[in-house]
Amino acid sequence: MATRHPHQAADPAASPPPPAPPSRRPRGLASASSPAPARRSGEREKERTKLRERHRRSITSRMLAGLRQHGNFPLPARADMNDVLAALARAAGWTVQPDGTTFRSSSLSQPLPPPPAQFQGAFQATSVETPSFTSHLNSYAIGTPLDSQASGLQTDDSLSLSPSSLDSVVVAEQSIKNENYGNSSSANSLSCMGSDQLVRASAVWAGDYTRTPYIPVYASLSMGIINSYCQLVDPEAVRAELRHLKSLNVDGVVVDCWWGIVEAWTPQKYEWSGYRDLFGIIKEFKLKVQVVLSFHGSGKCGSGDVLISLPRWVMEIAQENQDIFFTDRVGRRNTECLSWGIDKERVLRGRTGIEVYFDFMRSFHMEFRSLSEEGLISAIEIGLGASGELRYPSCPEKMGWRYPGIGEFQCYDRYMQKNLRQAALIRGHLFWARGPDNAGYYNSRSHETGFFCDGGDYDSYYGRFFLNWYSGILVDHVDQVLSLATLAFDGAVIMVKIPSMYWWYRTASHAAELTAGYYNPTNRDGYSPVFKMLKKHSVILKVVCYGPEYTVQENDEAFADPEGLTWQVMNAAWDQGLSISVESALPCLDNEMYPLILDTAKPRNDPDRHHVSFFAYRQKTPFLLQGNVCFSELETFVKCMHGEATQNFVD
């Protein structure tokens, strides 16, 4: 119902309103004399109302996505609750006409028994994010008149499928998950399912992937095959590993080319001999190569006791100027990668950070141009931040971070602070030229901080300014690097990997994503601006797929939701017209992980028939050299990716 704003002037043509009670705020011109705190209180209430409405719309969109994905409901792109009710009625066997007239079909003559007692009164609590939703809904809907389902679908009188009621739906959903299943991935909890549900779950997992799109499969090679002098360590071991991969019909391999190895000693002096030998061996097996240009260091041992770090000449510069590295609030430097604050600063022996990346990319292209023209190199992934992902190094283990800490903002080097000061001056609030002082520490929890807690400063005027600036630096960095990458590689397929900061995803602030540079709280889509920039450069987006052990857990203190984050990222990317590739987060040693990856790569119920372009398999070194460990399962998985086999991982 429309109401008049408290500040709206009265209509002079109308009769005079009765005198307002002393406790109410006067209307019209008299409002000018109202105290300022009352106006500020009204503005705050408006902001809170907007926030609640955005939160409800976000929940609605996720529920609709779940109905499309798991319930096979043909909902339109911009569906409302009327569309949902019509789809539910049709699934129950009723006829719904375009004008909304609904009546029972004549074919409904044999009503099914009422649903089991444990599901009565819990329709609003059934998760639309799990495959079990379809089986539960069918137990109500198939051939059952709505009046005979009253006991199974009965809700409170005040409850309706409107955005205003969806918050209670989600709360009830989580409680039912924890009570009945213990783990929200109920399709995987076979002990909690009846015999009929087991049959349906097996049907979900044992899908037919014949005549589905062909998705190339790549397996990563260990980074230790090239030592710090850019020499191929053990050519015969590489041949043995490639022989195993070839027997699996894998399309190619993923090779990391480390900046700290190739340009290790002297600026603009590049050594590619080890990679030249490696690519020659790969060519013998007629496999393709996805190259990862790694502009970061690795905390793991590469070859023997060799640690892959940034180039030595960069570390020499850092002895005099440590501000070339990302810095946290207490001044600790992260030497994993260069700060984005020096992208336009000539502090690297006369070159900027962007120029250093461009010279390295141009050297690679000149060295291996013939292999690209022959088709051996199928794609080039550009490392854009920590761990090669497009993100700030907000969660470094060497600084003491442990999961599920929220991480820290990395913007306290001299160059980032200079940029922040300029942004605050442009905004007209110089006192905003600082990082938040109540954002906690690496291992803090969201609710323990004044910045990330519900209703915290992240959604204040200052918080929105800071987070817009912080994420804007990330977008500006990817724009500059990719502009030169497209120039250096001249039409080659370029990929960018984004992180999966899935912990604290089920909170309002999404703290782990905010510190990593993605301004993606509940009331804002933080990925679309990044993907819009990636689309500008026509790159392929690489996302990480996690296994069942990473799904939402009972009493999860981290409020993690990797599946929800993955679907948000993929749908946002497809909305921007981006192509997507998928990388496994862990070695594929668990049969439960194969179906999850296949369902992510080839969504069953996507009305737009989306599918990914590549799949990269992160193996445990030396997994393929340990005989036939899970060999048949992996071979079947590759065939399913190629659209040549029926998946059968569940006995």
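The first residue you see is number 1, and the count goes up from there.
Just so it is clear, glycine is given a Cβ too, placed from its N, Cα and C backbone atoms.
Note that TrEMBL annotation is computational and uncurated.
So that you can see what the record holds, here are the features copied from TrEMBL:
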| type | residues | note |
| --- | --- | --- |
| REGION | 1-65 | region 'Disordered' |
| COMPBIAS | 14-23 | compositional bias 'Pro residues' |
| COMPBIAS | 28-39 | compositional bias 'Low complexity' |
| DOMAIN | 38-192 | domain 'BES1/BZR1 plant transcription factor N-terminal' |
| COMPBIAS | 40-50 | compositional bias 'Basic and acidic residues' |
| REGION | 100-119 | region 'Disordered' |
| ACT_SITE | Glu389 | active site, proton donor |
| ACT_SITE | Glu583 | active site, proton acceptor |
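Around Glu583 (active site, proton acceptor), taking its Cβ as the centre, 21 other Cβ atoms fall within 10 Å, counting all chains.
Reported as a whole number, the C-alpha separation between the residue listed as 'active site, proton donor' and the residue listed as 'active site, proton acceptor' equals 12 Å. Here the compositional bias 'Basic and acidic residues' (40-50) has, by DSSP, the following mix of helix, strand and coil residues: 11 helix, 0 strand, 0 coil.
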